[in-house]
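Reviewing the structure listed below.
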Amino acid sequence: MSNLTVLRSYVQMSKPESLPPAILFNCSETCLTVFDAFPKAIFHFLVLPRVRPPLRVSDLTDLRSLLKRERKTAKAVLQDLSDEADNVKNMIQEEMLSRYGFQWQIWMGFHPAPSMEHLHLHVISSDLCSPKLKNKKHYNSFHPKLGFFLHLSDVLSWFDADPSYFEMMSRLRKKDYEPLLKEDLTCWRCERAVKNMPTLKEHLQEEWDNERRKEKARIAKKKASLKNREVPQPSSSPSQEQTDEGQSYDGSGKS
């Protein structure tokens with residue numbers, strides 16, 4: 001089995017829930033979520049639509065093939081992916097808090113020129129800190145502002161636009177997107193130009209470490225502030241206990 005078709009093989013299994021836990025993260029009636037075999041960030045998952053009528057497996061080769069189908073059908077598939085991705089995002093956020101003590105951005109999006117067959121939605125944390133992030137193509141394909149990474153929210157917005165705009169955007173011609181992968185390296189956070197991947201990776205790690213320190217300090221400050229606001233309830237004394245028609249007065253103005 002080639003890497004090109006491995007995702008397709010997963011969704012064509014009669015019992016995809018039997019996939020090993022090192023591959024399968026979650027399985028629902030509409031989607032499979034798998035661990036990216038070559039994660040480009042601390043958290044990186046792929047959400048795959050399962051093949052259900054009226055769609056055929058060929059209709060789900062990639063985003064372009066899906067958008068050629070009837071718009072209502074295509075949007076329903078994307079909404080299923082969105083719902084599942086939200087579940088995955090929630091689980092990632094819980095794990096972020098458990099392992100790192102804070103939460104950071106999570107992106108959801110598609111590649112217009114994917115490296116594997118079968119439509120898959122990337123759910124990836126914004127740190128982009130991973131040994132598997134090795135070259136310019138890897139990085140630029142997930143840069144959130146460059147244009148190659150198509151955010152799910154943007155794709156869904158196409159359906160609410162004029163038909164001419166939807167038609168234009170849904171063409172997804174590779175020649176329009178692949179040159180973006182060759183763009184110069186820049187930090188997605190501060191837009192600093194970087195000469196090479198080792199320097200970029202070091203910079204991304206520093207950026208994430210700084211975010212982690214600042215966010216944990218903010219959380220600690222907030223907790224301390226809330227603790228300081230806690231005022232202990234005064235204990236009642238005989239001088240405070242007065243009766244009025246059989247009811248006690250607690251000092252609040254209410255009887």
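Including glycine, each Cβ sits where the backbone N, Cα and C put it.
Automated prediction, rather than curation, is the source of TrEMBL annotations.
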Coiled coil per TrEMBL sits at which of 64-98, 169-203?
64-98
Local confidence of the coiled coil (64-98) - pLDDT mean:
98
If you run through the compositional bias 'Basic and acidic residues' (207-218) with DSSP, how many residues end up as helix, strand and coil?
12 helix, 0 strand, 0 coil
